[in-house]
Amino acid sequence: MSSTEDIIMAIPRELTQNPLRKIWMPCKNGLPEKHISQKRVCMTNCPTLIVTVGLPARGKTYISKKLTRYLNWIGVPTKEFNVGQYRRECVKIYKSFEFFRPDNEEGLKIRKHCALAALNDVRQYLSVEGGQVAVFDATNTTRERRATIMRFAEQNGYKVFFVESLCEDPKVIAENIVQVKLGSPDYTDCNTEEAIQDFMKRIKCYENSYQPLDENLDRELSYIKIMDVGQRYLVNRVLDHIQSRIVYYLMNIHITPRSIYLCRHGESDLNVRGRIGGDSGLSPRGKEFAQGLGRFIQDQNIKDLKVWTSQMKRTIQTAEALGVPYEQWKALNEIDAGVCEEMMYEEIQEHFPLEFALRDQDKYRYRYPKGESYEDLVQRLEPVIMELERQENVLVICHQAVMRCLLAYFLDKSAEELPYLKCPLHTVLKLTPVAYGCKVESIYLNVEAVNTHRDKPENVDISRLAEEALLTVPAHY
Amino acid sequence: MSSEQKELTQTPLLKIWVPWMSNSLSQRRGSSRPQFTNCPTMIVMVGLPARGKTYISKKLTRYLNWIGVTTQVFNLGQYRREVVQTYKNYEFFRPDNEEAMKIRRACASSALKDIANYFDKEQGQVAVFDATNTTRDRRGVIISFAKEKGYKVFFIESICDDPEIIEANIMQVKLSSPDYENYDKEEALVDFLNRIDCYKMSYVSLDEEKDRHLSFIKIFNVGSRYLVNRVQDHIQSRIVYYLMNIHVTPRSIYLSRHGESELNLLGRIGGDSGLSSQGQKYARALSEFIRGQSIKDLKVWTSHMRRTIQTAEALGVPYEQWKALNEIDAGVCEEMTYEEIQATHPEEFALRDQDKYRYRYPKGESYEDLVHRLEPVIMELERQENVLVICHQAVMRCLLAYFLDKSADDLPYLKCPLHTVLKLTPLAYGCKVESFYLNVQAVNTHRDKPNNVNIARKPEEALRTVPEHL
């Protein structure tokens, strides 16, 4: 008879659709079975350790934080481990650059200890806590230090990807120092002049022993060298999907000062009637907002502003009032509410009370029947984010759920917070990158509109009463 | 400054909202196409012979056209073959061959002229200039030409010193070139190696220092290393990303639809039904077929729809679900038969036949939208090796069009019958296709374009090509 390998004329397992995410999964006796890969794409089959390399003030922490934010947003659990922070915890008070002198034995011991402590936490994160990517943010300027890290990675079965930042432009370095070093806890008690002087000496301490990644000696390693803030890149041995995405991202970001304006379309006819989705036009107040937006944009005097809308009537109508060219992106369309399109929350409660409750239980992952989830939205919006990173001044006229997703990316909000971010009508958010984060200015354009924000109700149980479900529904006509 | 707010109207084919303008020729402010670049781009290949320049040129062009960027290759070798009807031997390429040099320069000029024509008269967006371009001089000529005309230039240099790869190249694509029709293999190989030597002396690679103001990517040893300099805009960024994801490792891609579904049997489109009993039979046959192929490290991908997942379940191996592989969304026409669509939306039905690629279902999608949605799938397929994709009719047409370089007009009518596996294997500059019908009966779901696509046509004319169903 056939060997054990051949027996599996697999009896296809029954399928059941997970009620929250509407994903079809094999089940046994009506209960879902553990399934190997339900993710949209298997990013990597083993955890990845990203290791930054570079002298101080070369943008390593900026890159680490930004990359971590991006990876988390697209659904790859990522965490950064900044060795400087470990050092500050160990050496409570920073005295001067002397700590970093290469002949400071005591200093070297402490710094090595901190690096190992950080690696220990990396192991905890990747092997125990289910993290997928860890960003090890330190200078890592010697081959010796990098060898230690690679041994650690090999022992634990992690892939290693180096991100080296090289920059000799004194203007860029000076600007870095002003932007992020002066505000560091290390320099709280120094004046600007002293701080800059000390920091420059600190850099000097590393310069002599700096061994950049070498095209020859390191040809078996996977890395990207970023030169002169992105003018030039050297990419070596990209091993898998996640490394490929990381490289693509790093090659698209820039640090040219600019602002991103986010707003929703003007109030729509369906908004007024408390109905979700659809493709209606602007209400009279919505039209007023569009005019106001036009004036606001003019007053802001923005250089080379690009305007993007979705392909839905209400955002386009809003953009038309600006009198400038704009681009329509289908990817910016509002979340598809499937069978619930154009319904009021009251109607959803009436016709789909189970769905309504499930949505309140996990608003991020919940997918409308024949529709989308916030999680789907994020995936849909990734090319928009990538292009926003490439661009400079942009105004994005979009929708509530879409704006929440974009905002969550810029402000590093978690999947739990994202669906409840406040994005009211007739309000423009101006985002300006500053230091390691984003400054947000909220400008309400003084045109009344309905509130469309529904908070998470107290009772999210399937067995709840209709009134409990509808407690937080905003007023409408 | 107030602008009068014009009413919006939705274009019937694309379902795009535009300001209602009585003068249909006036410029629209709202562009519905992604703005990849605002001026024509010349991609200029650089490298010794047999470094994969033509391979890259053709593949890149295929990709760009598929994502909607009109692109064309201008291969200098072809221009040369038209002028010098018969190739004698490598002596033509000797750097001291004055007569030949004249001819080659003339060919280059001719190609540049055609490129200008492509941009100016034919609305081309990207031109790929496929030639060795190994001297600074020649590149200087191209750069001046582009500057004068206002074109952007992006160089792609392929550098390879692995003799095995070079020989494999020569075997795969050079020996079968028209140049070597009358040579035997051994002689051809020797001649070609001499040809390469002719270029080596004067070859000046793009230089990190001297050429730091140029935009380029240098590809080393078939992709183990890349040097990228001054990416200027979106399209160049996409090109770089694409080049960094492709590889030449031999592998096969298997494309198949789900097994016949309940809705298929009823002649209904879309929906999320399960497999019919024939469909289940196909799933088992597919499993046997796959096992028979003995594929190394096969990845299996499905959509999020029940019918593809059911099909994959029968294989008994792990699989990944991609929402991006879901069938085209037919919007208000979901789960209808063609007869019902004709009855309830006759105008939509006619519009679809007029331009099936761009036509968007009301509250649904178009093939054009599908291609956009599938781009990350294609990118990942390029990265992967052996993959089986279990998907749907419209989706499979889009993927197939990418691999077989089919136009937007051909794409929506590609034949992708149920219960048939297509095995695609990259070969030379293209793709070998093998079709395996797994001998399990299924309904036909292919509706050809009818003769009469006019809105005023009679129902019978519209429904003439509808395949049979229960």
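Using the three backbone atoms N, Cα and C, a Cβ is placed for every residue, glycine included.
The active site, tele-phosphohistidine intermediate annotation in TrEMBL covers A:H265. DSSP assigns A:H265 (active site, tele-phosphohistidine intermediate) to coil in the three-state reduction, placing it in neither a helix nor a strand.
Residues or ranges marked as active site, proton donor/acceptor by TrEMBL: A:E334. Residue density at A:E334 (active site, proton donor/acceptor): 24 other Cβ atoms are found within 10 A of its Cβ, drawing on all protein chains shown.
The annotation substrate binding site is assigned in TrEMBL to A:R264, A:H265, A:G266, A:E267, A:S268, A:D269, A:L270, A:N271, A:R314. Taking a C-beta cut-off of under 8 Å and a sequence gap of six or more, A:G266 (substrate binding site) has these contacts in its own chain: A:L282, A:S283, A:R285, A:G286, A:K287, A:E288, A:F289, A:A290, A:L293, A:R314, A:Q317, A:T318, A:L425, A:H426, A:V447, A:A449.
Positions annotated as domain '6-phosphofructo-2-kinase' by TrEMBL: A:43-257.
Across the residues annotated as binding substrate (A:R264, A:H265, A:G266, A:E267, A:S268, A:D269, A:L270, A:N271, A:R314), the two Cα atoms farthest apart lie 14 Å from each other. Under a cutoff of 8 A between CB atoms, and with a sequence separation of 6+ in the same chain, the neighbours of A:S268 (substrate binding site) are A:G278, A:S280, A:G281, A:L282, A:S283, A:G286, A:R314. Around the Cβ of A:L270 (substrate binding site), the same chain contributes A:I276, A:G277, A:G278, A:S280, A:E342, each under 8 angstroms and 6 or more positions distant in sequence. Around the Cβ of A:H265 (active site, tele-phosphohistidine intermediate), the same chain contributes A:L282, A:G286, A:T309, A:M312, A:R314, A:T315, A:Q317, A:T318, A:I397, A:C398, A:H399, each under 8 angstroms and 6 or more positions distant in sequence.
Of the recorded residues, A:R264 (substrate binding site) and A:E334 (active site, proton donor/acceptor) place their C-alpha atoms 10 Å from one another.
Each of A:V272, A:S280, A:G281, A:L282, A:S283, A:G286, A:L425 belongs to the same chain as A:R264, A:H265, A:G266, A:E267, A:S268, A:D269, A:L270, A:N271, A:R314, is absent from that list, and has a C-beta within 8 angstroms of the C-beta centroid marking the substrate site. For the recorded site, A:E334 (active site, proton donor/acceptor), the DSSP three-state label reads coil.
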